[in-house]
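This report concerns only the one structure given below.
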Amino acid sequence: MDEASCRFPEWVSSKIIDYYAEQNIKALFDWQIDVLNEARQFEDQHLIFSAPTSAGKSIVAELLSWKVASTGRKVLFVLPYISVAREKLHQIQRCWRRDDISVCGFIGPQASNPNEWLGAVCTIEKAASLTNRALSEDWFEEIGMIVVDEMHMVFDSSRGAHIEHMLSKVLLWNQSALEKVRIIGMSATIPELYRIGKWLDGAKVFEARFRPIVLQNHIVIGSELRKSGDNKVLREFSEDPLILLTEESFRRNSQTLVMISSKLDAEKTALNIASRFHEINKTDSSLLEILKERANGLLFIKHGLERNGCKDRNVMSTLAWGVAYHHAGLTMEERECIELGFREKNIVILVATSTLASGVNLPAERVLIKAQPRGPSALTSLNYRQMVGRAGRTGHATRGETYLLIKKCDRDAVLKIIETPIDQGVLTRKRDAERTNLSRFILEGICTGLTTTRSQIHDLCKLLLFNSENLQLSDIAIEMLLRNSFISQDENDDQLSPTQLGRAAIASSLPPEASLAIFEDLNSASRAIALDTELHMLYLVTPINVSVWQECDWHHLFSIFSKLPSDHKRIAKLVGVSEKFILDQLQGRRNDKLLQIHIRFFSALALFDLISEMSIYEVSHKYRIPRGCLQTLQSQSATYAAMIVAFCLRLGWTYLKALLDGFATRLLFGVRSELSELVAIEGIDGQRARILHERGVTCLSHLSACDSSKLAHFLTLAVPYSSSNSNDGLGEWLFGEPRMRVDVAARTLKERARKVLIRRVQELGISVELPKFEENEENIQESCDSGLPDSCEGMEDELEEKENIVKMEEMTKSVTEMSLTDNTISFKSEDDLFKKEIKVEEDEVFIKKEIDEDEEEIVEETVIECLETSLLKLKASTDEVFLRRLSQTFSPIGRSRSILNNSLLEDSFDRPVPRSSIPILNFITPKRESPTPYFEDSFDRPIPGSLPISSSRRKSVLTNIANLDSSRRESINSNASDNNSFDVFVTPPTKSAKEEKRRIAVKHPRVGNIIYSPLTSSPVIKHPKLEINHFYLKDVCHDHNAWNLWTKSSTSTSSCSIRVSDDYTGIAIRTDAGNTFIPLLETFGGEPSPASKYFESFSKCIIPLNTRLEFLKTLAVTVEMYISSMEDAFLIFEKFGIKIFRLKVVRIAAYLNNVIDVEQEENSNFLPILMDRYSILDPEIRKTCSSSLHKAAVEVYSLKPIFEKMCCSGASLQLEMESCQTVLNIFYSGIVFDQALCNSFIYKIRKQIENLEENIWRLAYGKFNIHSSNEVANVLFYRLGLIYPETSGCKPKLRHLPTNKLILEQMNTQHPIVGKILEYRQIQHTLTQCLMPLAKFIGRIHCWFEMCTSTGRILTSVPNLQNVPKRISSDGMSARQLFIANSENLLIGADYKQLELRVLAHLSNDSNLVNLITSDRDLFEELSIQWNFPRDAVKQLCYGLIYGMGAKSLSELTRMSIEDAEKMLKAFFAMFPGVRSYINETKEKVCKEEPISTIIGRRTIIKASGIGEERARIERVAVNYTIQGSASEIFKTAIVDIESKIKEFGAQIVLTIHDEVLVECPEIHVAAASESIENCMQNALSHLLRVPMRVSMKTGRSWADLK
């Protein structure tokens, strides 16, 4: 290297320098340093620089752009070709992500939100479109730099206009912008370099001559070899110089590129070279020796081509000799295989068309150029320099040689071309209409708002590079745009504005002239479109000017046309295709006007076969189109389809847009429409989509409105059972995504569908913004009070207005047909037990509340009340809840479901339990005509949806209810304060005199079954009670006297309740001194809500924040504290530093009493449900809540009463409350976390991931998205042709084959890439799901815990430490090394040995199993010897049994045959018959709906609903409940005892994971503390157990070092 190298500038980040060092770039050249220094010195100027190929231009632009991106401004990289853009995207992403700078690609159909990236890599057209978008959407000022690679493309006759127009708009923007956009342009061959610099506002121009490897250029004229620029003949060839030069290259093992002008010539040349090598091999075996070195690589390439369906004999025959050809006639997959083979140096000679020189980065030591001075691909000066630049690239070759082969007759013409300066070559080249036609450029300027007058347009045109050519044409272009209604002009002034057609043209990236043709095409089609097949719609999205048919074989096309079905021929006639024209073509008669229509139709036929999932090779053979050209047609049509859809959308052609929407994706991927909408949602593959489709979830609206529990159930049907799912509650429920809970997966899918759905609806102009409910809360109240029809009037108008735009039925799954003429409203319950007809006036649509309250009916009152409550809750709900409740609130009249039975009441009442155990309390309503509503003897039949007293409460039951006379009815209200509570679900009484007169009547009493308490074994019967509410919220922080009085009174209280407000501004608290709200902000300006009879108006807080906090901290230590859930306790500590030491958790109590189901999404906000159930507060109070302050106060009021109503004495409740306090103390303690080591791990893992990526791509013969399961499946099963496991349970013919861990582990021996993908996924998962979330923690991690789980086990949640891996990679890194003890302390790890198995032994009382466990021998080892199976397989069986594993699952997990797995199962149950008996007994209880219980008596009833797999799953849940539940009770007892015993040693529990406890203890007390911990764990509930517990004790400095 003849130029000294220098280190990087000091302003470059060390992370970026490290990246380049890994790429073997450890220093910069002098010229690069000079450019960087000048660029930094003149930051306000644009920069244009030129340097030879391989001199290092890209790194200069990358460093400058990185500097801009690091300041938060966006950078655009503009590259000419998709292949080089993809390569640049991956490289920039790998580099910049080290500095946490996001980079995305605008290359294919994908797009990205501008808020999600700082760097964008674009093709030329995408960059032009992106800048238009930025200007239109007013975020252009966020762009700081535009880097144009291959700047010479600005002179290109077809695409250069895009660059010129884009940069001209930037120049105009910069004239008035405060923060300018900087332009960086570079290329090895920039014509008129200084002219470009002058054009770009006097940009700094830099031209370097340095090239690391000096080229040796040669010219071969005829058979004579000369050095370029020298007439001396160096050598004369006796045969074809090209063949001899390639043979010479092959013998010296030197890779060679041969550049040919045409595809046909490239194939012919490659075949000639291969034939030559074959002939030589007959007499000289030296070539064969060279090939032997590459035999494996060439064989691998051959297999790769075959797996991609390549049947081209020419490709295979040339490949056998290390020769290949590369042109656009090959498919993309074939080209990628060949490119990879050349990069890996397995292919020695590559013959390619000249487009490869600029489109693909494939350097070589020697480049041969076969000159063609004439024809469509004639050699140019610029093209020549691009091709010779491929020789001698740094890092790929040690020398560079070029040979230009010229026929003697073409000598003068070719020499003239290569000796012509590129500047002159550009100036003499003819420019096409795209360059001179300014209509598109001017229209873009007007649509983006850059120009609004003719003078501004002239100013913009002056900024063009070729302004002298264009200025005179600008007025002509403006007139054309005006004439064709693309723009309009104000009559009073010169203002120009875009029309709808103009905006549509720009939005769809269509030139104005093309827009007119497309407008006419679509307009005529919309009047007569055939919908019996997709062919006509596909024809409309097929490009008008199709150029993939090189030469049409009309004989063959006529044969195809004559065999078309009748519906296709009808469409052909509709679009203008005729048999007569084809016959005319056969006879040589031309008609150019109709030619394009016919070519377009046959192209549509080919595309129709492609989206019907016919292979590209079959379609290519059927229509005789080169497969590469067919792929080009497919890609162009996908792009064109997206443009057409955007065009229709902008024009407001909603129906046509709806018909054509989706074709872009289908054309791109070649799929049928059946599942396209569901598969478009991330996380859904073909298997999941088919299950959802079969269950009625056929579109996004169904998915978003589907009940979460149902959706979770569907996922369990779609995903094969795995034993790991039951251990921690996690599974691979979403395709290609990390393991998660099934309910989380269901909610995730709903959320994704909801977002897409709402975005689509909003795009149609229909507002679904929730704040409107919040802003008009009073109006909602009033409309609910006066009747719902008034509140819906506006909505009906809006729907009527939008009738011609969109169908709302599919969006909401609710707004369906409404009959406004029926004068009868019919209510039906689900089981159709009761019916009630209520007469209403003809103009009424919904149930109304009568003005005369004396004649109100309880059913109306209840419904209206529920509607009001639902609407009030609606304003604070998510959009998802909005969609669901909109559907349920405005249900159509006359449906088969009752309003009382739909989900309006789901927010107020628990999920019903089996009807067999539910006593029903029926509300009876007098006829509307009755003048005596309270004492009428004649009553209608009970209304449906009678409100049940749920047996899930397990507390009270209603027995022998007889008809009550008026006095008895009055006594119910008068006894509302009686201590003998009698729970009746009626509307709570209010202070209104009229409301006091209301009565209830009960008819046809039913006697309910006696229900046993979950905490005791005796039946519980209580009397109903209506609690009188005394609620008032007062402000004690506005005055010192009020504060002192309240604190003094509260200090003497024995208990209190607290609740964090939703906006975290403070805490609502209830003590004996009353209800109040304590703001915990430094400044609190008061609550603007007006005072009412329930809420005092809050004014500015004058009590110091420290005073407020100190009192609350003191109170939390001294009194018993009732809280809603553990999350509240965690929040109170994190937000305000308040610790609670005497805990009562309402959610735990509700769960123990089976009032809520922890698996149900609806129970996440359970307090309103419980408040309604136990009549804690008048709903009127909750309805008047106008802020989060009020809501918190209302909820805190209910905590203690709810807890006391639910709780009976019992060991289970006591244990849960004690363990909750212990877990809370663990949260307070936290565990020490080594953040520095974590960051070090992240850095190392990212390097490993990059290396793995390169290895995987190399093994796959091309790059692909490793994160995409679809692309992984495509590579494994199609590109590489691996065999899908037969035991996977999935049909190999499905489009999207699963590639989960289980499948890949079964395929691991087929190919090395499988193991690499598994390793990549494991490391990537550790990085993204473990290390990166943990990296933000400093000091100690205070982990949240989930106590309310279906099995009772304790789970970690925020952050989730449940699955911190023991080992990250093979070099010994472990994530558990990050969790350490403080200095002078050690960690003690105590882990139960076979806890679940020991519990099973106790519960089953199987003597053999009890004896084995009691003997303290290695159970698994002994069983392994007895059964002659591996120990690991035996262990899997024993634990799998607990989780309900069958023979098939066991065989998949242990990789044994199903027969062997069945033998193991039979051997296990034969040896331990008591286990089988216990499992059968538990299943029998489920069938009889009898309670099942844990060791200390926690009971529940699980109903065996469903058949087949669903029933088996429920039975497994029941068995799991008893075993896991009992295990959790042992573990909770142990940690409670441990906490009390280790205090004397100064030790504390810092973490619990599964059955393991981590204790941090001073090193001097480790031995004593370990002994105490072991005793506590071994003796936990030992008096109830038949088998002993055994514990593994370990100590160490970190979690990973425990020994």
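Any Cβ shown, glycine's included, is placed from N, Cα and C.
Taking Swiss-Prot as the reference, the stretch among 149-152, 293-296, 793-796, 969-972 described by the feature motif 'DEAH box' is residues 149-152.
All chains included, 21 other C-beta atoms sit within 10 angstroms of the C-beta of P52 (ATP binding site).
Under the DSSP three-state reduction, K57 (ATP binding site) is assigned to helix.
In the shown protein chains, 23 other C-beta atoms lie within 10 A of the C-beta of S54 (ATP binding site). There are 15 other CB atoms within 10 A of the CB of S58 (ATP binding site), with all protein chains counted.
Sequence-distant contacts of A55 (ATP binding site), defined as residues of its own chain at least six apart whose C-beta falls under 8 angstroms from its C-beta, comprise F29, W31, A188, A208, F210, R211, P212.
Report note: the ATP site is defined by A51, P52, T53, S54, A55, G56, K57, S58, and the residues of the same chain whose CB lies within 8 Å of the CB centroid of those residues, excluding them, are A188, A208, R211. For the motif 'DEAH box' (149-152), residue counts in helix, strand and coil come to 2 helix, 1 strand, 1 coil, using DSSP. Over the domain 'Helicase C-terminal' (283-434) the predicted model carries a mean pLDDT of 77. All protein chains included, T53 (ATP binding site) registers 23 other Cβ atoms within 10 Å of its own Cβ. P52 (ATP binding site) falls outside any helix or strand according to DSSP and counts as coil. Long-range neighbours of K57 (ATP binding site) (same chain, six or more residues apart, CB within less than 8 Å of its CB): F49, S50, A51, M186, S187, A188. With every protein chain in view, the residue among the binding-site residues A51, G56 whose Cβ has the most Cβ partners within 10 Å turns out to be A51.
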